[in-house]
Amino acid sequence: MAKRTVPLVLLLLVMYGVCVPASAQVCRLLAKPALPLLSTQKDINIGAIFSFHRSALLKMHPFTSEPEPTTCISFNLREFKFAQTLMFAIEEINNNTQLLPGVSLGYKIYDSCSSIALTILSGMWINEFKKWKKNVDILCIFFLQISHFATCACLSNRNIYPSFFRTIPSDYYQSRALAQLVKHFGWTWVGMVRSRSDYGNNGIAAFEEAAKQEGICIEYSEAIFKTDPQDQFLKTVEVIKKGTARVVLAFIALGDFVPLLKVISQHNITGIQWVGSESWITSRTLAETKEYRFLSGAVGFAIANAKLVGLREFLVNVHPDQEPNNELLKEFWETAFQCSFSNNGSGGCTGSERLAELQNEYTDVSELRIANKVYTAVYAIAHTLHNILKDIQSSTKKIMDLSYQVLEYIGVVKFTIKTGEEIFFDASGDPVARYDLVNWQPVQDGSLQFKNVGFYDSSLPSEQHLQVNQEHVLWAGDSGQLPVSVCSESCPPGTRKAVQKGRPVCCYDCIPCGEGEISNGTDSSDCFPCDLEYWSNESKDRCVLKVIEFLSYTEIMGMVLCIFSFIGVLLTTILSFLFYLHKETPIVRANNSELSFLLLFSLTLCFLCSLTFIGQPTEWSCMLRHTAFGITFVLCISCILGKTIVVLMAFKATLPGSNVMKWFGPLQQQLSVVFLTLIQMIICVLWLTISPPFPYMNLSYYRERIILECNVGSALGFWAVLGYTGLLSILCFVLAFLARKLPDNFNEAKFITFSMLIFCAVWLTFIPAYVSSPGKFTVAVEIFAILASSFGLLFCIFSPKFQDGC
């Protein structure tokens, strides 16, 4: 394979876009040659940009009055460690005969000094843009960019950033993971603090969208930046103090969080359950600062940790003597050992210091979360190049522009690194989102340690994305119990939520369910009606069978009606017995003993038929009660009608020349009773044949009870039976009324008149009472009418006979 030095770019800092407006400051800086701080030339060179310094001193340009970076200050050990991790990965690859055989990788590493202008400038020089002129308006970066630390979800837009890839998950996934975490712990009322930057704004925007889907409400959202005045931090602290949310999500950059923490510690705010983003949740600086112990119990997602075998040995082998002219190595040594090569006294650096004996952020390999992403990015480039060169070699293609080849191949690259993690990119250039769930727990020396209590993995099924070992979590506060952060307490079963006007949906009142409605879960939004045959229990959390109501023999009302029915039967039986004993006496013979005995028999049946109305309605009892009632009463009225006609006929027979009695003798009287009763029987047979009465559960009269009653079936048949009985009663009443003043010592017409008056009054009153009475009282009214009319007939017709007999 022909060797050729090809510059590629592995951009390992925050990217600001593919095409960015070029300020005059950048164009001027492009004209100045810049050298990489760490470099080695090989077959293929990988460029990288790190913030070796936290800031840059600025000076004003004399002509444009624009600030320009001059000197970088405040050496950053962590970023230097990232650069060494890149070099470690490249050395591994170069020593690997299976990956890029015959091709060696080099590197060119620049320092951005945390400056946007220097970041863009470094990118230009990495790609050897040496012919740019000062009048350039747009800088377009067409080479591959891979970030180990840029998490903004905005960078997933392929229309704007087609050449951008990253080995760290997008904040889109972290925001959704945080929303699921908050929901998992039952926190529906949270406060938020964010960085006033793309990181904080986009992260919180994604969280708010996911939180809305999870039913989480946000009490407040405060934005801060490290350069804000003290008043802004004080305002944010006051909002946190006055808020009712006991959980605060801090989606904030570490540099922005530290000034806020200082103010919080001064105000002694405790009892807050902090939920953190990956930016600060594994910060050793915060964890080892005793003033920040109020962060104990904090939980949050950190980039998944990894163990890189051999990295520590590589790190501690760095020494300024390896490149005597490299000022960056000297500055690193001075920062690591807090000494100076320019000082020959007690504070001077001798070069004999040993990194292996040093315990600091640089030598600590227990937290390689971000360093592993640098390591992974280098291997992604290596595997992509390996695939490209393999295809070119096998197809005898010439290398034209390797930068564009990389963009095509890296999108489909898939490999496994030595940590066991499978690496690939999705269509947006993002990797699989894997996070460790970290919990801050105190240790004996007063500091805090990070303990993994779960994880989030977007490659798993959606219901398994979040896994939490909740029993291992140590919570904020003195109680050590899971904090409760809700705007309103959960509504218990039997109630529903009613959102308070003008407040978020998480703020609500608990309204008891109405009658016949239930809610069988907590925080129900609605109450649900029970089925027709069911009703809500007292607590409104369960539907139970409705009480089935009917007039039974065991209740007081049923017992009383039964007693009166039996009394009526007993009295009728006694009268029948007395009549039988005195059947030869003139008073019995004069009152038509045959019809009198038949009348007493029918009255007995009337008293007994009332019993069929008591008890649980069945198919047979429903048919029996109405037909028995109709037939027995018609039999009774027919007997009374016969007695009334006999009285009239007897009076007519006393007139000179009258022979009327021979036409209405005992046989004719009995046949008339049979004929009139037969008509009622025919009506009942037709009724039972066409549409008979049947048991019916009345669900409409009472909502909470079922009235078990007899439906009359055919309303025409029911009213025909009552109408025929009423017609005979009226006829009997009219005839008795006409015969009431006949001059006869044994005239009973006036007593029949009075009895029929009572009978008609009872049944005329019965109709509206029957229609308006609820439930089992309808049956009671009907029984009362039967008993009242029967007793009226019994006493009004037969009691005067015993008085006269006595």
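Here the Cβ of each residue, glycine as well, is placed from N, Cα and C on the backbone.
Remember, TrEMBL labels are computer predictions, not curated facts.
Listed in TrEMBL for this protein:
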- 557-801: domain 'G-protein coupled receptors family 3 profile' (DOMAIN)
- 1-24: signal peptide (SIGNAL)
- 556-581: transmembrane segment (TRANSMEM)
- 593-615: transmembrane segment (TRANSMEM)
- 627-651: transmembrane segment (TRANSMEM)
- 671-690: transmembrane segment (TRANSMEM)
- 718-739: transmembrane segment (TRANSMEM)
- 751-771: transmembrane segment (TRANSMEM)
- 777-798: transmembrane segment (TRANSMEM)
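Long-range Cβ contacts of the transmembrane segment (751-771) within its own chain (Cβ-Cβ under 8 Å, at least 6 residues beyond either end) map to 637, 640, 643-644, 647, 722, 725-726, 729-730, 732-733, 736-737, 740, 778, 781-782, 785, 788-789, 792-793, 796-797, 800. Where the transmembrane segment (718-739) meets the stretches 556-581, 593-615, 627-651, 777-798, the count of C-beta pairs under 8 angstroms peaks at 627-651. Most Cβ pairs under 8 Å to the transmembrane segment (777-798), among the stretches 556-581, 593-615, 627-651, belong to 593-615. The list of residues near the transmembrane segment (556-581) in space but at least 6 beyond its ends in sequence, with Cβ under 8 angstroms from a Cβ of it, reads 588, 593, 596-597, 600-601, 603-604, 606-608, 610-611, 614-615, 776, 780, 783-784, 787, 790-791, 794, 798, 802. For the domain 'G-protein coupled receptors family 3 profile' (557-801), the mean pLDDT of the prediction comes to 81.
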